Amino acid sequence: MDLGVLTLLPMLVLFVLIFTTKRMLLSVTAATLTGSILLGGWKFAAVWLEKVQAAFSGGTLGYLYLLLALFGMLIALLDASGSVTEFAMWLSKYANTKKKALLITYILGWLIFVDDYLNNMAIATAMKKVCDSHRIPRTFLGYVINSTAAPVCIAIPISTWAVFYSGLFEDFGVTRGGSGADAYIAALPYMFYSWISLAVVLLVIFGVIPMLGVTKKHARIAAEQGIVCPPEASYTGEAIQAPDFESILAENEGKKAHPWNFLIPLIVLVAVTLLTDINVMLGCMAAIAVTAALMLIQRKVKLPKLLDNAYEGVTSMVAICTLITMTMTLVEVNTATGMADYVVETLKPFLNGAYLPALVFGFCAVYSYFGGGFWDMAMIFIAIVVPLANGLGVDPLPSCAALVCASAAGSTTYVCGDAVMVSSRAVDIKPYYQMQGTLPYAIISYILTTIAFLVVSFL
């Protein structure tokens with residue numbers, strides 16, 4: 001079935017509804033139903049159910065369910081034990097200004113480079129209370145965390161992103177010394193979106209680039225009313241008030257706040273993840289076990305209450321899992337309608353000449369934002385980009401780096417993407433506002449990255 005331009009209709013419905021209603025589940029469900037109608041006509045209900053089942057049959061959804069459940073358990077246990085509050089009290093001695101709190105958040109983004117999900121969840125858990133105490137809006141905190149997740153992961157050659165793309169490079173013959181990993185390392189200087197995005201975050205933290213869009217609006221509300229997340233942006237629908245940290249410190253005067261009940265599980269989480277070939281789930285399980293042991297040994301909670309807390313952590317992720325199910329269903333619908341094939345065929349005539357890396361980044365980043373798909377987008381386009389570069393007699397490596405950059409750009413901005421949903425859940429804001437908080441700065445990075453690839457084309 002050749003639907004032509006109609007393959008874009010589900011995504012058009014998605015974005016129109018998102019920007020008009022700001023209701024994610026409604027918007028993405030409507031998009032899946034639109035695609036099902038295109039595919040099945042009056043039998044759209046059967047097609048829709050088939051695509052939902054197809055989403056469940058893939059390994060990605062099960063992986064995300066389990067990973068989010070484990071993260072939910074870990075966060076709930078750390079919170080119930082008071083470890084997060086103790087860590088925030090200890091850290092407040094060093095993060096005693098807005099700028100310092102944001103700089104520590106930024107540095108943690110570099111330190112937790114293994115995986116973008118791990119990065120989002122761990123840093124948000126560590127820094128929410130500290131940043132709240134300085135009246136830093138959650139949308140801005142979400143931007144800083146989100147923009148030091150995928151960009152950091154692609155800059156460090158031992159992350160989940162680097163492992164995936166090294167294998168992809170090798171599969172398509174893009175190697176250095178016969179190795180895809182060496183080719184990935186050689187491509188790092190061309191990962192312009194990573195370097196530029198990380199630089200933009202710093203410039204915003206230092207005030208060189210002002211707050212823009214929704215972050216500016218929410219910063220004003222936080223400063224005037226002490227509300228770091230207004231109810232319309234909050235994940236729960238309730239306003240998040242900045243805590244009175246001085247009162248908390250006064251209540252605990254004489255008690256020595258130490259960070260170890262928080263830091264030990266975090267160190268275990270990262271260490272086990274690295275030692276098990278970047279298996280984030282095993283890292284989470286180890287961290288949960290250590291956290292539970294510390295809680296029981298220190299008699300912070302009894303076993304029945306600990307189990308209740310763990311269960312509450314799992315149930316706190318049900319809403320985000322439902323939303324992810326619908327987004328994965330939308331991926332299945334778009335695959336069946338042939339949206340990617342239509343876009344590829346439409347763009348093919350433009351992907352030529354010396355400006356190939358800039359064109360690849362420009363087109364693929366926009367595709368990632370509107371069409372979703374980051375790693376799967378790269379798998380689709382690399383099959384075109386590498387033969388095209390070879391046919392033109394140019395090195396395919398810069399164009400492959402442009403694909404990685406486009407994936408990172410989409411990962412940080414696509415409103416229905418799993419990365420945006422995980423990061424928004426981590427800071428307790430709705431995905432729409434996570435995207436809105438990041439988008440103005442991502443556009444700056446997008447423009448500068450495109451210019452950088454154009455400059456490289458002239459060298």
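Heads up, residue numbers simply count up from 1 along the chain you see.
Just so it is clear, glycine is given a Cβ too, placed from its N, Cα and C backbone atoms.
The transmembrane segment feature in TrEMBL is assigned to 28-49 (among others).
Among the features that TrEMBL reports, transmembrane segment is placed at 61-81 (among others).
Under the heading transmembrane segment, TrEMBL lists 101-119 (among others).
Annotation comment: TrEMBL describes 140-164 (among others) as transmembrane segment.
Proximity of distant same-chain residues to the transmembrane segment (192-212), defined by a Cβ-Cβ separation under 8 Å and at least 6 residues beyond the stretch ends, is recorded for 99, 102-103, 106, 140, 143-144, 147-148, 151-152, 154-155, 219, 361, 365, 401, 405-406, 408-409, 412, 440-442, 444-446, 448-449, 452-453. Look at TrEMBL and you will find 192-212 (among others) tagged as transmembrane segment.
Remote same-chain partners of the transmembrane segment (257-274), defined as residues 6 or more beyond its termini with a Cβ less than 8 Å from a stretch Cβ, comprise 74, 78, 81-84, 86-87, 89-91, 112, 114-115, 118, 122, 126, 158, 280, 282-284, 286-288, 290-291, 294, 298. Residues or ranges marked as transmembrane segment by TrEMBL: 257-274 (among others).
What TrEMBL records for 309-330 (among others) is transmembrane segment.
The transmembrane segment annotation in TrEMBL covers 350-370 (among others).
Annotation comment: TrEMBL describes 377-394 (among others) as transmembrane segment.
Annotation comment: TrEMBL describes 439-458 (among others) as transmembrane segment. Here the transmembrane segment (439-458) has long-range neighbours at 143, 147, 190, 192-193, 196-197, 200-201, 204, 209, 212-213, 215, 354-358, 361-362, 365, 398, 402, 405, 409, 412-413, meaning same-chain residues at least 6 beyond its ends whose C-beta is under 8 angstroms from one of its own.
For the transmembrane segment (28-49), the residues of the chain that approach it from at least six positions outside its boundaries are 1, 3, 6-7, 9-11, 13-14, 17, 323, 326-327, 329-330, 333-334, 336-337, 416, judged by C-beta separation under 8 angstroms. In summary, the transmembrane segment (140-164) lies against the transmembrane segment (101-119): three or more C-beta pairs, each 6 or more positions apart in sequence, are under 8 Å. A Cβ distance under 8 Å defines the sequence-distant neighbours of the transmembrane segment (309-330), meaning residues of its chain 6+ beyond its ends; these are 10, 14, 24-25, 28-29, 31-32, 35, 48, 51-52, 54-56, 58, 60-61, 64-65, 68-69, 71-77, 80, 235, 288, 292, 301, 372, 416-418, 421-422, 425, 431.
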